[in-house]
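Below: one structure, written as structure tokens.
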Amino acid sequence: MTRCTLANSYQNFLRLCGVIWKLVVNYFPKYTLNPQSDPQSVVGPTERLPISSTTGIALQHVLAMFGSTVVGPLLMGFSPNTALLFSGIGTLIFYVCTGGKVPSYVGSSFAFIGVVNSATGFVYVPGGPGNQHIGLASGGILICGVCYLAIAIVVMLVGSRWLEVLMPPVVTGAVVITIGLSLSGSAIIQASTTGFDAWMALLTVVIVCLVTTYAPGPLRRLPVLIGGLTSYLVYLFFGLGGIGPGIDFSLLSNSKWIGIPPTARPVFDGSAITLIAPVAIILAAENIGHIKAVGAMTESSLDKFLGRAFLGDSLATILAASFGSIGTTTYAENIGVMSITRIFSTLTFVIAAFVAIILGILPIFGAFIQTIPPGVFGGLSVVLFGIVGITGIRMWIGNQIDFQKSRNLLTAGVTIVVGIGMAGGHVVQWGVVKFDGIGCATLTAIVLYQLLRDDWGEMLTKLWNKITKKNTTSDKISTNDTITPNPFDDNTSIEPLEVPSTIVGDENNQNSSSVVCLETHF
């Protein structure tokens, strides 16, 4: 009897393993080969190229994300190796959460720069010491990731329409402008370290702009990498000739080739948390814009994956913060690569993720990044922060925001003045609760716009009608014993969002669209 029972238990266990394996296999794409014999043909997310071509495209994605993924952590005093490692791991997490059906790379978010530096008091000095309060920043970023996770769960359960009311384009545009312009001071400080550095910063800006405008298609997506590398070489050659301060390579001699990047344990402080946690709203807005952009390019709506995309990005942010790295976001640079190549295969991002992980465990690579001189770094920062600010204006234009309406005019104007006026370390504090310029600007924009709305009556009427209709439908459903859709089912659409990154600007523009990105934007 015992042997028979054990045999039955073993068979049941094997059946269970078989069922689980089948579910896992069916969850991820079964990539079909697409040789792309016609360069104008589209390679879909669940298709793939031959291995050699897939690897080549993956390396191009690595180059596209490289500039922002490295510049972001340096400006906050974090290790670029750690950021690269967790950008790769985060991309794999995003792939798993979306079932390999949403092509995207996850990298360092610029939205954290201002709040992290305010919380830790860090000021970037090229070649100088890193941030001594990484644990403090990581605690705030981790809580931000948890808030983002809560948003993901709500979106997966009830849809994303509530974000449309909370963050319309005029609100998000004003916040994005504030983020870009509030960082401009640090860019100028770096660029003006010495007279020679100022000229090198100018050269860097010119090269980046020329590459962005005139370079061939594939190279046009690498302006930060090409501009930074070219200016670095010029700076090096001038230094060797006795012109300018030169580049100090002493860090390279003390670095290992292979090793685990530095990590830090999160420290939870109320002031740092309140400064950093509101960034979760910006991360959600970024992700919405990117999901809509990719969906438009593939001519296939990805709205049903929005909650799962939030889930992947939030888990990547939580994991990165748990080990002393910065929060992540989906990258527009890689969307640009896809728009040129017309290759949307998610398999390329798996390979790109593993390449980033390998770079992350090469300490000598991080030491080389630390040798970037202030003039070159300042020039790159001028371009990056300028593009971030102008992106907010592009959102207004793309959504046709009417500034003749007082609520739009006042919301945008007051938000920008509050955010820029508080740049440079000014904070508002109530006990342990602190808000820097970006946090105050975000709250100001959200609250002020809602106070000035003149369509609350119409919105409440629609909400009541919708609730009443749902109750009637629910009675019918209970009679027919209909099963509630599973939010993880790929065939289920959960309140698809009609507006990409930032939702509704005014009542005359309910279905406008915009794309939010706080990275390179080329």
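The backbone N, Cα and C atoms fix where each Cβ goes, glycine too.
What TrEMBL lists as transmembrane segment is 82-98 (among others).
Annotation source TrEMBL lists transmembrane segment at 105-125 (among others).
Positions annotated as transmembrane segment by TrEMBL: 137-158 (among others).
Annotated transmembrane segment per TrEMBL: 170-192 (among others), in sequence order. Note on the transmembrane segment (170-192): residues 75, 110-111, 113-114, 117, 123-124, 126, 198, 201, 282, 285, 374-375, 377-379, 381-382, 384-393, 395-396, 399, 401, 408, 411-412, 415-416, 418-420, 422-424, 437-438, 441-442, 445-446, 449, 501-503, 505-506, 514, 516, 518 of its chain, located 6 or more positions outside it, place their CB under 8 angstroms from a CB of the stretch.
Marked as transmembrane segment by TrEMBL: 198-217 (among others).
Look at TrEMBL and you will find 224-247 (among others) tagged as transmembrane segment. Tertiary neighbourhood of the transmembrane segment (224-247): same-chain residues 63, 66-68, 71, 194, 196-197, 200, 203-205, 207-208, 211, 215, 371-373, 375-376, 379-380, 383-384, 520, 522, selected by CB-CB distance under 8 Å and a gap of 6+ residues from either end.
The annotation transmembrane segment is assigned in TrEMBL to 267-285 (among others).
Feature annotation from TrEMBL assigns transmembrane segment to 347-369 (among others).
Per TrEMBL, transmembrane segment is recorded for 375-397 (among others).
Annotated transmembrane segment per TrEMBL: 409-429 (among others), in sequence order.
Distant neighbours of the transmembrane segment (82-98): 65, 69-70, 72-73, 104-108, 261-263, 305, 308-309, 311-313, 315-317, 319-320, 323-326, 328, 330, 346, 349-350, 352-357, 359-361; these residues of the same chain sit at least 6 beyond its ends, with a Cβ under 8 Å from one of its Cβ atoms. Between the transmembrane segment (137-158) and the transmembrane segment (347-369) there are fewer than 3 Cβ pairs closer than 8 Å, counting only pairs 6 or more residues apart in sequence, which means the two stretches are not in contact. Among the stretches 105-125, 198-217, 267-285, the one making the largest number of Cβ pairs under 8 Å with the transmembrane segment (347-369) is 105-125.
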